[in-house]
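Lifted from Swiss-Prot, the feature list:
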DOMAIN    5-194  domain 'Glutamine amidotransferase type-1'
ACT_SITE  C82  active site, nucleophile
ACT_SITE  H169  active site
ACT_SITE  E171  active site
DOMAIN    195-385  domain 'GMPS ATP-PPase'
BINDING   S222, G223, G224, V225, D226, S227, S228  ATP binding site
Amino acid sequence: MKNADILVLDFGSQYTQLIARRLREQGVYAELMPFNVSIEAIKAKNPKGIILSGGPASVYAKDAYFCDEGVFTLGLPVLGICYGMQLLAHKNGADVAPAGHKEYGKANLNIVKKCDFFKGVPDTSVVWMSHSDKVNELPQGFEVLANSENSEFCVFANLDKKLYALQFHPEVAHSEFGDTMLKNFAKICGCESTWNMGSFAKKEVQAIREKVGNDKVLCAVSGGVDSSVVAALLAHAIPDNLIVVFVDNGLLRTNEAKQVEEMFKLKLGVNLISIDASELFLSRLKGVRDPEKKRKIIGETFIEVFDKEAKKHSNVKYLAQGTLYTDVIESSVVGSSKTIKSHHNVGGLPEWMEFELIEPLREIFKDEVRRLGLELGLSRDIVYRHPFPGPGLAIRIMGEVNTSSLELLRKADVILREELKSSGWYDKTWQAFCVLLNVNSVGVMGDNRTYENAVCLRVVDASDGMTASFSRLPYDLLENCSRRIINEVDGINRVVYDISSKPPATIEWE
């Protein structure tokens, strides 16, 4: 069992895994565990510090979440964030109650006492609040380190016991010096910067070899970053026992199937088995409008196709997937985070399947996956491709998926990507795609009235996909995209731009 420098106990915040990501960026290996994990399991990880995450519950409620009491008797530094802060206060006898003024968004943090936790942090900085409860009194043995306009006890601590409590979220990018504070906490814990993708690759290769033995692994690839890195990692570990399969589900972008085959065969040197199952997928999606049903159908059909292919080969015991940490958090596998949406590659395999899962990327973030890809020798054009969802264009078409709607979306999507690349904006953004709204609107083309489809452009900036902001594209670029799509794609007469951030919206529409 791998030791963790810092354990993050998950009380249900959608930001929880950002805490681990921020620490890992600084070379500190942080691992998530459910809030109710046993003290024995915590001790087995031999952590140097513990972080209590935020969460949607209230410490005074009947259904409040509490961690094992032993957490506070280990003698380790503890950092409580938001709900974790209120839990620290509650456990030390302070009153926590509903706030008269809820705080959501940016706030000014004012430091009133300097200490190691605030090393490198200015006296006043912007932090990100997201809470509806308030600590009304200072716990015994603690002192105030910082306040905000609406929070007298915004940061308090017991410096002797190294217990720190923050009302805000340092892990969110909007907190200007949040990274610095987390780095300082890691130093207080005595952590060193030893976590990197080079060491991860070596350990993962060895773990894969030990697990697989003489059995074979069926690796599903889509051409996206995640599956490409999984295939490369497995090729390093078990080149003779690896079967790489690409399924054309009929939900890919223009020429994508051909590009995937060329990439794996020519650039990665992988013997790729290509299966055209487009008719099967589209037939099963016929008449289906609900996004969750679409995801489930696509996921189940993928598994079925892979299982059929696996039976053609002897000793196939495992199926490899590119499941990431962000997939897990949005499907609420860890801790008590509330479900946002299911992911096609999260949740295990059906009982009828005859092989087990291998998910070597399950505990790392997208930025770590990219660094791992470079470490494994993949080219930058592969590693820095925009993310593309497993369910493909099916979740970028509102409502029913059919060949005509797919064709419209493909044509619009090509134009968007062409314009972004020619203007130099493609590499500046995290993800860019079109959404076919399946909503008609009135237009005028020439002297004729039209009543045709509207398409939405979705372009976002992000570092890990956990949070995202819409890209501030130049108006001229947006105008070019709109003009070309309307003029070149028959059946579309309106283009809109999505200016929603995540949260509250998700990046994909379905």
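The first residue you see is number 1, and the count goes up from there.
Quick reminder: no glycine exception, Cβ is built from N, Cα and C everywhere.
Looking only at the active-site residues C82, H169, E171, the one with its C-alpha closest to D226 (ATP binding site) is E171. The Cβ of S227 (ATP binding site) has C219, A220, V221, Q321, G322 as same-chain neighbours under 8 Å, each 6 or more residues away in sequence. The Cβ of V225 (ATP binding site) lies under 8 Å from the Cβ of K366, V369, R370, G373, I382, V383, Y384, R385, P387, each of which sits 6+ residues away along the same chain. With respect to H169 (active site), the closest of these recorded positions in Cα terms is C82, chosen from C82, S222, S228. Its own atom aside, the Cβ of G223 (ATP binding site) has 20 Cβ atoms within 10 angstroms in the protein chains shown. Same-chain residues at least 6 positions away in sequence with a Cβ under 8 Å from that of C82 (active site, nucleophile) are, in sequence order, S13, S53, G54, G55, S130, H131, L166, Q167, F168, H169. For the pair formed by S228 (ATP binding site) and E171 (active site), distance between Cα atoms is given as 29 Å, rounded to the nearest Å.
Taking Cβ-Cβ distances under 8 Å and a sequence separation of 6 or more, the neighbours of G224 (ATP binding site) in its chain are G322, R385, P387, F388. Each residue contributes its Cα atom, and for E171 (active site) and G223 (ATP binding site) these two points are 31 Å apart. Counting every protein chain shown, 28 other Cβ atoms lie within 10 Å of the Cβ of E171 (active site). For the binding-site residues S222, S228, the ranking by surrounding Cβ atoms (within 10 Å, all protein chains) places S228 first. Other than the site residues S222, G223, G224, V225, D226, S227, S228, same-chain residues with C-beta atoms no more than 8 angstroms from the centre of those residues' C-beta atoms, the ATP site, are V221, V229, V230, G322, R385, F388.
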